[in-house]
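Chemist: One structure is given below, represented as C-alpha coordinates, and several questions about it will come after.
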Amino acid sequence: MGLPRYPAAVQPLRYEDNSASSGTVFSHALASYHSVPRFALVVFWVWMHLLYFTITNQTFGASPEEDAANKPNRPIPSKRISVEAATILRWLLVPINLALSVYSGTVPSGAAIFILTSIYCGSGGHSHWLTKNGCAAAFYALFEYGATQIADSSEKLSENQLGAIIGSALVTFTTVHAQDFRDDEGDSLLGRRTFTLSFPVLARVTMPVLLIGWSVALCLFSEVNNMVLFALTALGIVTGVRFFTLKSANDDRLSYLYYNIWLSGAHVALSSLNLEKAAIWP
(Lines of atoms letter the chains of each structure in order from A and count residues from 1; the text may use other names and numbers.)
(Lines give C-alpha, C1' and ligand atoms only; values in the text may rest on other atoms or scores of the structure.)
Protein backbone atom coordinates (compact mmCIF):
# COMPACT_ATOMS: atom_id res chain seq x y z
CA MET A 1 0.00 0.00 0.00
CA GLY A 2 1.29 3.42 -0.93
CA LEU A 3 3.09 5.93 1.24
CA PRO A 4 3.16 9.66 0.69
CA ARG A 5 6.25 10.66 -1.29
CA TYR A 6 9.00 11.78 1.06
CA PRO A 7 11.67 14.18 -0.23
CA ALA A 8 14.61 12.39 -1.82
CA ALA A 9 16.88 13.33 1.07
CA VAL A 10 14.82 11.22 3.47
CA GLN A 11 14.09 8.38 1.08
CA PRO A 12 16.99 5.98 1.71
CA LEU A 13 14.50 3.13 1.71
CA ARG A 14 10.74 3.21 1.44
CA TYR A 15 8.08 0.60 2.16
CA GLU A 16 4.87 0.65 0.18
CA ASP A 17 2.54 0.84 3.13
CA ASN A 18 0.17 3.34 4.67
CA SER A 19 1.57 2.66 8.13
CA ALA A 20 3.44 5.97 8.34
CA SER A 21 0.59 8.26 7.32
CA SER A 22 -1.94 6.14 9.21
CA GLY A 23 0.10 5.96 12.39
CA THR A 24 0.75 9.70 12.55
CA VAL A 25 -2.52 11.28 11.43
CA PHE A 26 -4.78 8.60 12.92
CA SER A 27 -3.08 8.74 16.32
CA HIS A 28 -3.31 12.55 16.31
CA ALA A 29 -7.03 12.30 15.61
CA LEU A 30 -7.52 9.74 18.40
CA ALA A 31 -5.57 11.74 20.99
CA SER A 32 -7.52 13.46 23.76
CA TYR A 33 -5.39 16.59 23.43
CA HIS A 34 -2.89 17.86 20.88
CA SER A 35 0.55 19.43 21.04
CA VAL A 36 3.19 20.15 18.43
CA PRO A 37 6.07 18.49 20.38
CA ARG A 38 4.03 15.30 20.86
CA PHE A 39 3.04 15.20 17.19
CA ALA A 40 6.68 15.66 16.18
CA LEU A 41 7.66 12.74 18.44
CA VAL A 42 4.90 10.62 16.88
CA VAL A 43 6.19 11.34 13.38
CA PHE A 44 9.77 10.55 14.39
CA TRP A 45 8.86 7.32 16.23
CA VAL A 46 6.71 6.01 13.37
CA TRP A 47 9.23 6.98 10.69
CA MET A 48 12.18 5.37 12.49
CA HIS A 49 10.37 2.09 13.10
CA LEU A 50 9.03 2.04 9.56
CA LEU A 51 12.54 2.68 8.26
CA TYR A 52 13.79 -0.35 10.20
CA PHE A 53 11.08 -2.54 8.70
CA THR A 54 11.68 -1.20 5.22
CA ILE A 55 15.41 -1.82 5.32
CA THR A 56 14.91 -5.34 6.65
CA ASN A 57 12.27 -6.06 4.03
CA GLN A 58 14.47 -4.88 1.16
CA THR A 59 17.74 -6.51 2.27
CA PHE A 60 16.58 -9.89 3.55
CA GLY A 61 16.93 -13.08 1.50
CA ALA A 62 16.20 -12.72 -2.20
CA SER A 63 14.55 -9.28 -1.89
CA PRO A 64 17.38 -7.35 -3.64
CA GLU A 65 17.24 -9.69 -6.64
CA GLU A 66 13.43 -9.58 -6.79
CA ASP A 67 13.42 -5.79 -6.56
CA ALA A 68 15.99 -5.58 -9.36
CA ALA A 69 13.51 -7.38 -11.60
CA ASN A 70 10.20 -5.96 -10.38
CA LYS A 71 10.95 -2.62 -8.68
CA PRO A 72 14.20 -1.27 -10.16
CA ASN A 73 13.47 2.25 -8.88
CA ARG A 74 14.03 1.20 -5.27
CA PRO A 75 17.25 2.43 -3.63
CA ILE A 76 19.20 -0.85 -3.65
CA PRO A 77 18.59 -1.97 -7.26
CA SER A 78 19.02 1.63 -8.46
CA LYS A 79 22.46 1.66 -6.75
CA ARG A 80 21.68 4.58 -4.43
CA ILE A 81 22.75 2.41 -1.50
CA SER A 82 24.48 -0.98 -1.34
CA VAL A 83 23.08 -4.06 0.40
CA GLU A 84 26.02 -3.97 2.80
CA ALA A 85 25.47 -0.33 3.76
CA ALA A 86 21.73 -0.90 4.17
CA THR A 87 22.39 -3.91 6.39
CA ILE A 88 24.73 -1.88 8.61
CA LEU A 89 22.07 0.83 8.87
CA ARG A 90 19.49 -1.81 9.81
CA TRP A 91 21.58 -3.02 12.75
CA LEU A 92 22.34 0.53 13.86
CA LEU A 93 18.61 1.23 14.02
CA VAL A 94 17.99 -1.57 16.54
CA PRO A 95 19.50 0.18 19.61
CA ILE A 96 18.37 3.59 18.37
CA ASN A 97 14.74 2.50 18.08
CA LEU A 98 14.83 0.62 21.37
CA ALA A 99 16.11 3.75 23.11
CA LEU A 100 13.44 5.82 21.36
CA SER A 101 10.73 3.43 22.54
CA VAL A 102 12.04 3.58 26.12
CA TYR A 103 12.05 7.38 25.98
CA SER A 104 8.53 7.59 24.54
CA GLY A 105 7.02 4.89 26.77
CA THR A 106 6.21 2.53 23.89
CA VAL A 107 8.51 -0.43 24.60
CA PRO A 108 5.81 -3.13 24.05
CA SER A 109 4.81 -1.71 20.65
CA GLY A 110 8.41 -1.12 19.58
CA ALA A 111 9.52 -4.62 20.63
CA ALA A 112 6.51 -6.18 18.91
CA ILE A 113 7.41 -4.37 15.67
CA PHE A 114 10.91 -5.88 15.84
CA ILE A 115 9.49 -9.38 16.39
CA LEU A 116 6.85 -9.03 13.69
CA THR A 117 9.45 -7.75 11.23
CA SER A 118 11.51 -10.90 11.85
CA ILE A 119 8.45 -13.08 11.30
CA TYR A 120 7.46 -11.28 8.11
CA CYS A 121 10.90 -11.00 6.52
CA GLY A 122 12.82 -13.92 7.99
CA SER A 123 10.26 -16.64 8.68
CA GLY A 124 8.21 -16.57 5.49
CA GLY A 125 5.43 -14.39 6.82
CA HIS A 126 5.17 -12.70 3.43
CA SER A 127 4.93 -15.93 1.43
CA HIS A 128 1.32 -16.94 2.20
CA TRP A 129 -1.73 -14.72 1.94
CA LEU A 130 -3.00 -15.48 5.45
CA THR A 131 0.22 -14.59 7.25
CA LYS A 132 0.90 -11.70 4.87
CA ASN A 133 -2.50 -10.12 5.50
CA GLY A 134 -2.24 -10.88 9.21
CA CYS A 135 1.16 -9.20 9.44
CA ALA A 136 -0.13 -6.15 7.55
CA ALA A 137 -3.04 -5.79 9.97
CA ALA A 138 -0.76 -6.28 12.97
CA PHE A 139 1.69 -3.66 11.69
CA TYR A 140 -1.16 -1.16 11.35
CA ALA A 141 -2.32 -1.89 14.90
CA LEU A 142 1.17 -1.67 16.43
CA PHE A 143 2.09 1.57 14.69
CA GLU A 144 -1.25 3.14 15.57
CA TYR A 145 -1.21 1.89 19.17
CA GLY A 146 2.31 3.14 19.86
CA ALA A 147 1.72 6.43 18.08
CA THR A 148 -1.53 7.03 19.98
CA GLN A 149 0.23 6.36 23.29
CA ILE A 150 2.79 9.01 22.40
CA ALA A 151 0.23 11.51 21.10
CA ASP A 152 -1.94 11.07 24.21
CA SER A 153 1.05 10.91 26.59
CA SER A 154 -0.54 7.89 28.24
CA GLU A 155 0.22 4.17 28.37
CA LYS A 156 -3.47 3.30 28.80
CA LEU A 157 -5.87 4.02 25.94
CA SER A 158 -9.64 4.50 26.17
CA GLU A 159 -12.18 1.95 24.92
CA ASN A 160 -12.96 4.07 21.86
CA GLN A 161 -9.27 4.46 21.05
CA LEU A 162 -8.68 0.72 21.35
CA GLY A 163 -11.83 0.01 19.35
CA ALA A 164 -10.68 2.31 16.56
CA ILE A 165 -7.26 0.63 16.40
CA ILE A 166 -8.79 -2.86 16.41
CA GLY A 167 -11.26 -1.73 13.75
CA SER A 168 -8.38 -0.43 11.64
CA ALA A 169 -6.63 -3.80 11.92
CA LEU A 170 -9.79 -5.69 10.94
CA VAL A 171 -10.45 -3.44 7.94
CA THR A 172 -6.84 -3.92 6.85
CA PHE A 173 -6.83 -7.70 7.32
CA THR A 174 -10.02 -8.21 5.34
CA THR A 175 -9.33 -5.80 2.47
CA VAL A 176 -5.54 -5.46 2.09
CA HIS A 177 -5.49 -7.98 -0.77
CA ALA A 178 -6.59 -5.00 -2.87
CA GLN A 179 -2.86 -4.35 -3.34
CA ASP A 180 -2.22 -7.81 -4.83
CA PHE A 181 -4.43 -7.71 -7.94
CA ARG A 182 -2.04 -5.38 -9.78
CA ASP A 183 0.93 -7.69 -9.01
CA ASP A 184 -0.67 -11.02 -9.96
CA GLU A 185 1.59 -11.64 -12.95
CA GLY A 186 4.83 -11.01 -11.09
CA ASP A 187 3.68 -12.84 -7.95
CA SER A 188 2.70 -15.85 -10.07
CA LEU A 189 6.17 -16.01 -11.62
CA LEU A 190 7.74 -15.84 -8.15
CA GLY A 191 5.48 -18.61 -6.83
CA ARG A 192 3.83 -16.48 -4.17
CA ARG A 193 0.53 -17.62 -2.69
CA THR A 194 -1.39 -14.37 -2.45
CA PHE A 195 -5.12 -14.37 -1.81
CA THR A 196 -5.82 -13.05 -5.31
CA LEU A 197 -3.88 -15.92 -6.90
CA SER A 198 -5.16 -18.63 -4.55
CA PHE A 199 -8.82 -17.58 -4.87
CA PRO A 200 -9.07 -15.31 -7.94
CA VAL A 201 -12.88 -15.31 -8.23
CA LEU A 202 -13.57 -15.05 -4.51
CA ALA A 203 -11.01 -12.26 -4.16
CA ARG A 204 -12.86 -10.20 -6.76
CA VAL A 205 -16.23 -10.86 -5.14
CA THR A 206 -15.01 -9.84 -1.70
CA MET A 207 -14.02 -6.34 -2.78
CA PRO A 208 -17.51 -4.83 -3.28
CA VAL A 209 -18.94 -6.90 -0.42
CA LEU A 210 -16.29 -5.86 2.10
CA LEU A 211 -15.81 -2.24 1.05
CA ILE A 212 -19.55 -1.58 1.06
CA GLY A 213 -20.05 -3.62 4.24
CA TRP A 214 -17.34 -1.80 6.16
CA SER A 215 -18.63 1.55 4.90
CA VAL A 216 -22.12 0.79 6.20
CA ALA A 217 -20.76 -0.44 9.54
CA LEU A 218 -18.76 2.74 9.98
CA CYS A 219 -21.86 4.80 9.16
CA LEU A 220 -23.63 3.06 12.05
CA PHE A 221 -20.93 3.42 14.68
CA SER A 222 -19.00 6.57 13.77
CA GLU A 223 -19.92 10.11 14.76
CA VAL A 224 -18.02 11.74 11.92
CA ASN A 225 -19.76 14.24 9.62
CA ASN A 226 -22.55 12.70 7.52
CA MET A 227 -21.03 14.04 4.32
CA VAL A 228 -17.83 12.12 5.08
CA LEU A 229 -19.83 8.95 5.64
CA PHE A 230 -21.76 9.48 2.41
CA ALA A 231 -18.52 10.01 0.47
CA LEU A 232 -16.98 6.94 2.13
CA THR A 233 -19.92 4.74 1.16
CA ALA A 234 -20.06 6.08 -2.39
CA LEU A 235 -16.34 5.52 -2.85
CA GLY A 236 -16.64 2.04 -1.37
CA ILE A 237 -19.31 1.18 -3.95
CA VAL A 238 -17.33 2.61 -6.87
CA THR A 239 -14.06 1.01 -5.82
CA GLY A 240 -15.58 -2.37 -5.04
CA VAL A 241 -17.44 -2.51 -8.35
CA ARG A 242 -14.28 -1.47 -10.22
CA PHE A 243 -12.28 -4.34 -8.71
CA PHE A 244 -15.08 -6.77 -9.57
CA THR A 245 -15.68 -5.68 -13.16
CA LEU A 246 -12.41 -4.15 -14.44
CA LYS A 247 -9.63 -6.72 -14.31
CA SER A 248 -6.66 -5.52 -16.36
CA ALA A 249 -3.41 -4.66 -14.57
CA ASN A 250 -3.85 -0.97 -15.40
CA ASP A 251 -7.43 -1.01 -14.12
CA ASP A 252 -6.29 -2.70 -10.92
CA ARG A 253 -3.64 -0.03 -10.37
CA LEU A 254 -6.25 2.72 -10.62
CA SER A 255 -8.69 0.76 -8.46
CA TYR A 256 -5.95 0.39 -5.88
CA LEU A 257 -5.50 4.17 -5.86
CA TYR A 258 -9.22 4.52 -5.17
CA TYR A 259 -8.90 1.90 -2.44
CA ASN A 260 -6.21 3.91 -0.67
CA ILE A 261 -8.45 6.98 -0.72
CA TRP A 262 -11.29 4.85 0.66
CA LEU A 263 -9.00 3.45 3.37
CA SER A 264 -8.02 6.97 4.40
CA GLY A 265 -11.71 7.84 4.65
CA ALA A 266 -12.32 4.73 6.73
CA HIS A 267 -9.66 5.90 9.18
CA VAL A 268 -11.34 9.30 9.38
CA ALA A 269 -14.57 7.53 10.34
CA LEU A 270 -12.77 5.24 12.80
CA SER A 271 -11.21 8.25 14.51
CA SER A 272 -14.74 9.25 15.61
CA LEU A 273 -15.83 5.75 16.60
CA ASN A 274 -18.38 5.60 19.43
CA LEU A 275 -18.63 2.12 20.97
CA GLU A 276 -21.65 3.21 23.02
CA LYS A 277 -23.63 2.98 19.79
CA ALA A 278 -22.60 -0.68 19.52
CA ALA A 279 -23.62 -1.31 23.13
CA ILE A 280 -27.19 -0.08 22.58
CA TRP A 281 -27.58 -1.67 19.13
CA PRO A 282 -30.57 -4.10 19.31
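In case you wondered, yes, glycine gets a Cβ from its N, Cα and C as well.
Pasting the feature list from TrEMBL:
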TRANSMEM  36-55  transmembrane segment
TRANSMEM  201-221  transmembrane segment
TRANSMEM  227-244  transmembrane segment
TRANSMEM  256-275  transmembrane segment
Chemist: Answer with yes or no whether the transmembrane segment (201-221) touches the transmembrane segment (256-275) by the criterion of at least three Cβ pairs under 8 A, sequence separation 6 or more.
Modeler: yes
Chemist: Go through the chain and flag residues at least 6 beyond the ends of the transmembrane segment (227-244) whose CB is under 8 A from any CB in it; none is fine as an answer.
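Modeler: Distant contacts of the transmembrane segment (227-244): 178, 181, 204-205, 207-212, 214-216, 218-219, 251-252, 254-255, 258-259, 261-262, 265-266, 268-269.
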